[in-house]
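To start, the structure under review is shown below, and the notes come after it.
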Amino acid sequence: MSLLLLVVSALHILILVLLFVATLDKSWWTLPDKESLNLWYDCTWNTTTQTWACSNVSENGWLKAVQALMVLSLILCCLSFILFMFQLYTMRRGGLFYATGLCQLCTSAAVFSGALIYAIHTEEILAKHPSGGSFGYCFALAWVAFPLALVSGTVYIHLRKRE
């Protein structure tokens with residue numbers, strides 16, 4: 001049982017790390033000329049000063065929805081981890097981790113919705129930028145976090161506390 005709890009906790013921490021990097025790092029979309037777009041800033045590599053020059057992203061409504069969903073997924077994932085620890089130490093033997101599992105399933109839904117909106121509305125979000133480019137690693141990390149959170153939520157729902 002302790003090995004299962006360790007694996008579930010490690011999976012949850014992995015999901016948290018993936019969500020933090022996907023939400024806060026600077027590569028949701030990369031353009032050929034070393035320009036990188038994330039949820040918060042539009043960054044261009046300045047070759048003369050060897051630094052990143054960043055400005056705020058556009059006020060696109062779809063991008064605001066993606067920002068809100070990714071932040072919501074982070075909050076829900078943190079909440080479910082805190083709830084899991086609370087339930088682990090206070091719940092009676094034989095109890096199920098329904099609340100934790102439900103929070104993780106909501107995390108999964110929020111990540112899925114955010115990444116899907118970004119994928120579908122990329123042209124509208126990037127309307128002021130030159131054509132070309134590809135999805136960055138932060139976008140891929142969001143898609144990796146989605147099934148992991150889904151599996152984690154399902155495991156929590158079926159997990160019973162044992163002595």
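Keep in mind that glycine also has a Cβ here, set from the backbone N, Cα and C atoms.
Lifted from Swiss-Prot, the feature list:
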CARBOHYD  N46  N-linked glycosylation site
CARBOHYD  N56  N-linked glycosylation site
TRANSMEM  4-24  transmembrane segment
TRANSMEM  66-86  transmembrane segment
TRANSMEM  100-120  transmembrane segment
TRANSMEM  139-159  transmembrane segment
Same chain, 6+ residues apart, C-beta under 8 Å of the C-beta of N56 (N-linked glycosylation site), given in sequence order: W40, Y41, D42
Same-chain residues at least 6 beyond the ends of the transmembrane segment (66-86) whose Cβ lies under 8 Å from its Cβ atoms: 8-9, 12-13, 15-16, 19-20, 22-23, 39-40, 97, 99-100, 103-104, 106-107, 110-111, 113-115, 117-118, 125, 142, 145, 149, 153, 156
Proximal but sequence-remote residues of the same chain as N46 (N-linked glycosylation site) (Cβ under 8 Å, at least 6 apart): W52, A53
